[in-house]
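For reference, the structure is listed below as structure tokens.
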């Protein structure tokens with residue numbers, strides 16, 4: 001028995017139209033799949049942690065406990081932790097044996113070496129090319145062109161949280177170069 005075209009129970013699509021739809025749909029799916037990573041690349045990542053901050057972590061990736069940290073570090077010390085963006089960041093122990101309100105990114109502004117704290121000279125000295133920074137991270141001797149980047153350090157619930165420093169650099173009185 002022959003069916004009439006245009007009846008409501010039979011779709012009005014031939015083989016050629018179906019194959020065109022299938023080909024176009026597949027090509028569109030592949031194109032969108034390839035476009036997704038490109039679009040994601042241009043969208044900035046969301047800040048991790050609480051309120052845009054990151055909890056300081058030790059070398060093993062564990063959260064640093066302030067009470068344990070202060071028991072192990074003397075006043076006026078600087079100790080490395082994992083900070084913003086996973087960069088090594090110094091936690092500052094103040095003269096009154098409390099955590100400072102800022103942390104210092106330990107990456108040298110000359111060539112990106114990690115700058116160790118020299119406690120005997122009370123400054124940071126880069127092992128790569130000899131750049132020196134005072135105890136606040138301000139550059140005092142080149143070839144490094146800029147001071148170490150700052151991060152806010154706040155203590156809550158026995159944890160240290162680093163957040164981005166966006167206001168004026170207290171060491172130079174200028175806008176921060178790292179924002």
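In case you wondered, yes, glycine gets a Cβ from its N, Cα and C as well.
Keep in mind the model is a prediction, meaning the values are calculated, not measured.
What Swiss-Prot records for 108, 110, 126, 129 is [2Fe-2S] cluster binding site, and it gives sequence analysis as the kind of evidence. The number of other CB atoms found within 10 A of the CB of residue 110 ([2Fe-2S] cluster binding site), across every protein chain shown, is 18.
Shown in sequence order, 108, 110, 111, 113 are the residues of the chain, 6+ apart in sequence, with a C-beta less than 8 angstroms from the C-beta of residue 128 (disulfide bond). Mapped onto three states, the DSSP output places residue 128 (disulfide bond) in coil. What Swiss-Prot lists as disulfide bond is 113-128.
Feature annotation from Swiss-Prot assigns domain 'Rieske' to 61-162; the stated evidence is sequence analysis.
Under the heading transmembrane segment, Swiss-Prot lists 21-43. Within the chain, the transmembrane segment (21-43) has long-range Cβ neighbours (under 8 A, six or more residues past its boundaries) at 13.
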PLDDT averaged over every residue in the domain 'Rieske' (61-162): 89
Around the Cβ of residue 113 (disulfide bond), the count of other Cβ atoms that are within 10 Å: 15
DSSP helix/strand/coil residue counts for the domain 'Rieske' (61-162): 10 helix, 43 strand, 49 coil
Other same-chain residues whose Cβ falls within 8 Å of the Cβ centroid of 108, 110, 126, 129, the recorded [2Fe-2S] cluster site, in sequence order: 109, 111, 113, 115, 128, 130, 131, 143, 144
